[in-house]
Amino acid sequence: MKRVQTAEEREREAKKLRLLEELEDTWLPYLTPKDDEFYQQWQLKYPKLVFREAGSIPEELHKEVPEAFLTLHKHGCLFRDLVRIQGKDVLTPVSRILIGDPGCTYKYLNTRLFTVPWPVKGCTINYTEAEIAAACQTFLKLNDYLQVETIQALEELAIKEKANEDAVPLCMAEFPRAGVGPSCDDEVDLKSRAAYNVTLLNFMDPQKMPYLKEEPYFGMGKMAVSWHHDENLVDRSAVAVYSYSCEGSEDESDDESSFEGRDPDTWHVGFKISWDIETPGLTIPLHQGDCYFMLDDLNATHQHCVLAGSQPRFSSTHRVAECSTGTLDYILQRCQLALQNVLNDSDNGDVSLKSFEPAVLKQGEEIHNEVEFEWLRQFWFQGNRYKICTDWWCEPMTQLEGLWKKMESVTNAVLREVKREGLSVEQRSEILSAVLIPLTMRQNLRKEWHARCQARVVRTLPAQQKPDCRPYWEKDDPSMPLPFDLTDVVSEIRSQLLEARS
């Protein structure tokens, strides 16, 4: 079943088409550090972009972070994600792993990634390898460092804005360390905007990706990651990126004078103002250990892309993920809320309910959908990848599946109730109306997820990475109160509703 684009997606696609039509066969201008106007343009149009050259970052991190990248790569911990774009399942050219606070998730391109936890106090984490544990510890250490640097950068930005000064590109060599500190309230706000709770690690070897797309607006060359805003972040929160390309230092050079535009052998990050065809874009070369920071609302007002070089590259992208609906604690609380309506359980799995109030039933069925499609199916669609690093998610997923199964019994109890003799026509109609939409959505989404697990691209994946259509059961499974395919159930509800209203 083809997913219908959201209004936001349709608007974004329309903007892109209009922009390409305006360009016709011309390229928009962009600047590199060799251009005279580069730093002036950065000063005027990109003042919330902060860059740190590798030489300004502690040598200890430059030793430990690359080792951690290579360790995770050696153990096969990074995976290309199977994402849905415009109704089509495609593998991302970039391999990824999410590391962060235990129980956190991060969603991008309608795909929920689950953290491999970094080692925090009070949480027991069983890693499959001591090397993987050490790597996760390293990224927590990097996270702490980048957090401190981000707060410092935000403080300096606030001082400049308050003084109404012209902002300048904040390269580490000239980065000011003095100044009047912020107020207590401001300090709390700055800390919250740098409270990185996850890092999304990326890896790509361009030699193995010969079909990379060309950058469409400026002619910047091959893109590893297309123009985008980072999704699912706390409003106005910062993003910090540590870049590590695998070439030796002797191969790196800041001399790009022989190239028109950017050096295609060197990785770059590109920036542009969203949907602006007047302001030149920027491309900044990325060498081993360089970092950059997107502060305040830069991620909302500007777009960025990653332009491929010739050598493999890792990056660690630290974010303040918007987790109000994306933590294990959250979804467990939601399950508890839905199951508060259960009066008692019988030995055969049937349940009786406290209330058949339409609002209570509707809420319960919506939570049922949430745990099934935002958690269980998202997790198992990614195969067994998480077990390569840790068993941390095994017990929570078993727990969620048990709670979800009880919700299946709740739905069955509702469907039994509408067939009960003595129920008034009005009550029957209200109950049916309350559950029809969530059950119709459940049926449609089950079809979609089942079809995605059978997609052609899935056949190319190794066994451990193949999507698992879970939960799934056959029609005559005695342990399940309702069928997997709800076509007949939904059809009967519609018929009953028409009958009740006639």
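First residue shown is number 1, and so on along the chain.
Including glycine, each Cβ sits where the backbone N, Cα and C put it.
Look at Swiss-Prot and you will find 32-324 tagged as region 'Fe2OG dioxygenase domain', backed by similarity to another entry.
DSSP classifies Arg96 (substrate binding site) as strand under the three-state reduction. If you look up Swiss-Prot, you'll see Arg96, Tyr108, His228, His229, Asp230, Glu231 marked as substrate binding site.
Neighbour list (Ser315 (2-oxoglutarate binding site), Cβ cut-off 8 Å, at least 6 residues apart, same chain): Leu201, Asn202, Val241, Tyr242, Ser243, Tyr244, Val306. Positions annotated as 2-oxoglutarate binding site by Swiss-Prot, on the basis of similarity to another entry: Asn202, Tyr292, Arg313, Phe314, Ser315, Thr317, Arg319.
Annotation comment: Swiss-Prot describes 210-221 as region 'Loop L1', evidence class similarity to another entry. Tertiary neighbourhood of the region 'Loop L1' (210-221): same-chain residues 19-20, 23, 27-30, 93, 227, 261-262, 264, 268, 270, 272, 281, 283, 305, 307-308, selected by CB-CB distance under 8 Å and a gap of 6+ residues from either end.
Listed in sequence order, Lys222, Met223, Ser226 are the same-chain residues six or more apart from Lys213 (N6-acetyllysine) with CB atoms under 8 A from its CB. Following the DSSP three-state reduction, the secondary structure of Lys213 (N6-acetyllysine) is coil. Residues or ranges marked as N6-acetyllysine by Swiss-Prot on the basis of similarity to another entry: Lys213.
All protein chains included, His228 (substrate binding site) registers 14 other Cβ atoms within 10 Å of its own Cβ. Residues annotated as Fe cation binding site in Swiss-Prot, with similarity to another entry given as evidence: His228, Asp230, His304.
Neighbour counts were taken at the CB atom with a 10 A radius for the binding-site residues Asp230, Glu231; the maximum falls on Asp230. Comparing Cα positions, Tyr292 (2-oxoglutarate binding site) lies closest to His304 out of the binding-site residues Arg96, Tyr108, Asp230, Glu231, His304.
Same-chain residues at least 6 positions away in sequence with a Cβ under 8 Å from that of Phe314 (2-oxoglutarate binding site) are, in sequence order, Pro66, Phe69, His73, Leu201, Asn202, Phe203, Ser243, Tyr244, Ser245, Cys246. Across the structure, Arg96 (substrate binding site) and His304 (Fe cation binding site) are spaced 18 Å apart at their Cα atoms.
Taking Cβ-Cβ distances under 8 Å and a sequence separation of 6 or more, the neighbours of Tyr108 (substrate binding site) in its chain are Val83, Asp230, Glu231, Asn232.
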